[in-house]
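Q: Okay, handing you the structure first.
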């Protein structure tokens, strides 16, 4: 291999050349915008722990989507704040539930918008856990039919992609079988395959009113110390029928994103989660970082190997990319 002075790495770093040789690129098409749909409010409600982010009333969700489409953001993931909760999360699969109504409302106005729906029970249960609880334990197998039923109700409402996030063993298989049996063989599953029991979720739990009433989620979400375990989780999801795999969170787990990219050929999503968002926004508001840090964060996730990024920064970064 040639050396200096024959090789001068700075030759390709001239201002009018740099863009030609960028190995990772970011565009609005790569971004998925989260929307918190709340059927209990009539006006947008600021989320205290997520600066500049809001809960959106059901009646205004189509307007929120329209604003994003004007910025070339075409893909959305919906999280619901329902009007009622119970022990088993039955409002998750209610055909008149908040997500079901939101999907129908959006699709009626914007049929080409890509709607991903979060399939989990934590927002719909009184205890705030992601599965059925018996004697203080989250019961895996009894949860599976409920999340299967929930996924079908989302597909019936018009969801383009369903995204199970509860980290129940066998959840992808249960959803794939339920969708196929209901005639939705072509509905893709984006699995939260490697979802870590992270401290970076706290603002989301405020936003979605999904905080747990007892214990924690370390019995079903992944241990933050483990990397090889993530490969096992993803391999199982692939075998069960996942079409898209995901790593969550993103920034503290760039090593996992890279490992997944090198081992699996499926489309890979990464979730730039609420704590990552709030951390960066707080630093910007205090003058400790410039807004350019947002782009650097997102391009680092892309560079690590993610095809898609779920991010609360989508609208502000899309404006800069236009």
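Cβ coordinates are placed from backbone N, Cα and C, and glycine is handled just like the others.
From a predicted model like this one, the values you see are computed outputs, not experimental measurements.
From Swiss-Prot, for reference:
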BINDING   120, 122, 130  Zn(2+) binding site
ACT_SITE  195  active site, schiff-base intermediate with substrate
BINDING   205, 217  5-aminolevulinate 1 binding site
BINDING   233  Mg(2+) binding site
ACT_SITE  248  active site, schiff-base intermediate with substrate
BINDING   274, 312  5-aminolevulinate 2 binding site
Q: Looking at the recorded positions 122, 233, 248, whose Cα is closest in space to that of residue 195 (active site, schiff-base intermediate with substrate)?
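A: In terms of Cα distance, residue 195 (active site, schiff-base intermediate with substrate) lies closest to 248.
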Q: Indicate whether residue 120 (Zn(2+) binding site) is helix, strand or coil by DSSP.
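A: Going by the DSSP assignment, residue 120 (Zn(2+) binding site) belongs to neither helix nor strand, so it counts as coil.
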Q: Using the alpha carbons only, what distance in Å do you get between residue 130 (Zn(2+) binding site) and residue 248 (active site, schiff-base intermediate with substrate) once rounded?
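A: Per the Cα atoms, residue 130 (Zn(2+) binding site) and residue 248 (active site, schiff-base intermediate with substrate) stand 16 Å apart.
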Q: How would DSSP class residue 274 (5-aminolevulinate 2 binding site) in three states?
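A: Looking at the DSSP assignment, residue 274 (5-aminolevulinate 2 binding site) belongs to a helix.
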Q: Given residue 120 (Zn(2+) binding site) and residue 248 (active site, schiff-base intermediate with substrate), what distance in Å do their CA atoms have, once rounded to a whole number?
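A: With distance taken Cα to Cα, residue 248 (active site, schiff-base intermediate with substrate) is 15 Å from residue 120 (Zn(2+) binding site).
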Q: Could you tell me the C-alpha distance between residue 233 (Mg(2+) binding site) and residue 248 (active site, schiff-base intermediate with substrate) in angstrom, no decimals?
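A: Each residue's Cα considered, residue 233 (Mg(2+) binding site) and residue 248 (active site, schiff-base intermediate with substrate) end up 13 Å apart.
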Q: To the nearest whole angstrom, what is the C-alpha distance linking residue 122 (Zn(2+) binding site) and residue 312 (5-aminolevulinate 2 binding site)?
A: 20
Q: When DSSP states are folded down to helix, strand and coil, where does residue 130 (Zn(2+) binding site) land?
A: coil
Q: What is the separation, in Å, between the Cα atoms of residue 312 (5-aminolevulinate 2 binding site) and residue 248 (active site, schiff-base intermediate with substrate)?
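A: About 14 Å separates the two Cα atoms.
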Q: Under a three-state reduction of DSSP output, how is residue 248 (active site, schiff-base intermediate with substrate) classified: helix, strand, or coil?
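A: In three-state terms, residue 248 (active site, schiff-base intermediate with substrate) counts as strand.
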Q: For residue 248 (active site, schiff-base intermediate with substrate), what residues in its own chain, 6 or more apart in sequence, show a Cβ-Cβ distance under 8 Å?
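A: Long-range Cβ contacts: 165, 192, 194, 195, 196, 198, 270, 271, 273.
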